[in-house]
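Pulled from TrEMBL, these are the features on record:
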type	residues	note
COILED	99-148	coiled coil
COMPBIAS	7-28	compositional bias 'Basic and acidic residues'
REGION	1-28	region 'Disordered'
REGION	178-234	region 'Disordered'
Amino acid sequence: MKRVFGVKKDKEPPPSVHDASDRINKRGDSVEEKIKKLDVELTRYKEQIKKTRPGPAQEAIKARAMRVLKQKRMYEGQRDMLYNQTFNLDQVAFAAEGIKDAQQTMSALKSANKELKGMMKTVKIQDIDNLQDEMMDLMDVSNEIQETLGRSYSVPDDIDEEDLMGELDALEADMGMESEADGVPSYLQPDKEPDLDAELNLPSAPMGHAAGRSNVHAEDELGLPAVPRASLRD
C-alpha cells in the first residue's frame, strides 16, 4: 500500500514569531546595504555633474543619477515595509510573552492557594486566642510571684510616707551642718569625755600656798598623811 499511495510526509511545524521576525530583519538589513551602495553611487554622480559642462554628457550623467535615485526610493519603501512587519511581529511576541507570564503566575497562585488551604487547616484562630489568654494568665501569676518574693519581712505595713520624708529632710539638714574639718561626719566621730569642772563651774585652786603645803605633808605607805615626829615624842 505504501508503494501505491506513498508515505505521508510529516508537516513542518509553523514558524514561530521569533523566527519570522529574525527572517524579516535579515531582509531589512540586506535592503539597507543596497541603499548604502546607491548613496555612494549618487554621490559620485553629483561630483561628475559639478565637473561636467552643460551638454549631452551632463544630461547622460543626470539620467543615470535619476535611475539610481528611483532604485533608492524603491528600496527605502521596501525597507520601511519590512520594518513595519517587524514591529507588528514584536508586538505579537510581546503579547504572547505576557500571556505566558500570566499563565505561569496563575499556576503559581493556584499552587500557593492550595498550600495555604492545607496550612490553614492546622491553624485555628480560636486556638491562637486561647493560647494568648493562657500566656497572659501565666505572666500575671509570674508577676505576683515576683512581688511576693520581693517583700521585706521586717518592714511594717503602716509606715507613713510623709513621716519618712520628714526624717529624711532632717537627716539631710544635719549632714549639711556637720563640720568638714577631717571630712568625717559628726555621727561617725568618736565620743568626747565630758568636762565635769566646766559643767559644775567650780573655782580653781590657788597655785602658791597649796603647792607648798602639798610638798610639806608627806604620805605613808598606805597613802595617808604622815604624822609629824614632834607629835610622836609627845
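Using the three backbone atoms N, Cα and C, a Cβ is placed for every residue, glycine included.
Automatic, uncurated: that is what TrEMBL annotation is.
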Same-chain residues near the compositional bias 'Basic and acidic residues' (7-28), Cβ under 8 Å, at least 6 residues beyond its ends: 79, 82-83, 85-86, 89-90, 92-93, 96
The compositional bias 'Basic and acidic residues' (7-28): DSSP-derived helix, strand, coil residue counts: 12 helix, 0 strand, 10 coil
